[in-house]
């Protein structure tokens, strides 16, 4: 049995994950501390160092929203943590202006996020995976939480906190038909694209036939990278839709990502929320930037001109079966138009199938009796029953109640400000949690 080490500090807030959402929160808390006093805050992240979608940062990838929607500018344009100041500090501001774009490459935005995160080294711990979160009871009430994590050395650490913010991001969505192939290095999710592609024979120039499952931005980016970076690869795009569909990023539609739209969504009844989410679904899901669609179409057009059919575009196609064989991954493909079933064998399969956001429920399972249906308030605080005195916040898990921007970068600064305000209002100079922790250490 692993020996757990308990720390003596009682934290005011522990954050699970230190991605963009919690970095934005760290900034907001730092600003608020100047007027209201600093809190004892710690963020835990399972990655060994800071990386934002590090395994998907191919050279062609560009940010899909304006750089002005960084970690802070929407609420405090003069912040030293703005993207503009990052460019200034790295002596690239004039060069970036000369690019004439609102959309930096994701590699640069990742470096920006890493740069901001480096200012909060004392408040962050990398290489620590949060295993579980347990209630600490006093007289039948939850006065604090016990956060158990495991570091890279396998050591378990136990910390106490008066409040919690859960923001671990999404987990790869693996279609049912591929789940039996878990662990097979020839089948991998797009979130692990670079790591797995480096291990494939095509990285040394050997021929490969690769399937890309999905019809969204990730699938399109994977296809272009395979076409441009791996001349020995034959890539098949396999998607259920009849075509690659463009993202609607027109100005009026883009207002769905404005902070004020969160109030509109949250104030509506459940049925109306669902209707609005469906109406604007094509702003973010299963859609592709228009310029990328045009590039892909150009690839297939040039194939027709040359008469050399290197790649295939298989729309209206469903994967009914996936089988691992010595020769490769065998896919049974159903053409929705003709009903015909065909079998193709691939050397590798890339699952560009999106993400699920249920990890917060798994982490908070020991608190289930206090959380009810996991309803989230306007301030992103989970609605607990009266026995739970701890404030628990969730970032990136409330699209159904707060709108499509909840999982995106669009509202990070404003959301961080709202959570920090709610947190300071909740935390009062009481000693119940600290006394409870001292009792736990002594027992």
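Every residue gets a Cβ built from N, Cα and C, even glycine.
The annotation FAD binding site is assigned in Swiss-Prot to 45, 46, 47, 48, 49, 50, 51, 52, 53, 64, 130, 407, 408, 409. On its own chain, residue 53 (FAD binding site) has 106, 110, 191 as residues at least 6 apart in sequence with a Cβ closer than 8 Å to its own Cβ.
Look at Swiss-Prot and you will find 69, 254, 255, 256, 257, 284, 410 tagged as substrate binding site. Sequence-distant neighbours of residue 254 (substrate binding site): residues of the same chain at least 6 apart with a C-beta under 8 Å from its C-beta are 283.
Within 10 Å of the C-beta of residue 285 (NADP(+) binding site) there are 14 other C-beta atoms, taking all protein chains into account. According to DSSP, residue 285 (NADP(+) binding site) sits in a coil region rather than a helix or strand. The NADP(+) binding site annotation in Swiss-Prot covers 215, 216, 217, 218, 240, 284, 285, 286 and rests on experimental evidence.
Look at the Cβ of each of the binding-site residues 51, 69, 240 and count the other Cβ atoms within 10 Å; the largest number goes with 69.
DSSP assigns residue 255 (substrate binding site) to a helix.
With a cut-off of 8 Å between CB atoms and residues at least 6 apart in sequence, the same chain places 17, 18, 19, 124, 125, 126, 127, 128 near residue 45 (FAD binding site), listed in sequence order. Under DSSP, residue 53 (FAD binding site) is assigned to coil, being neither helix nor strand in the three-state scheme. Around residue 47 (FAD binding site), the same-chain residues at least 6 positions away in sequence with a Cβ under 8 Å from its Cβ are 126, 127.
Closest in space to residue 408 (FAD binding site), of the binding-site residues given as 215, 255, 257, is 257, taking the CA atom of each residue.
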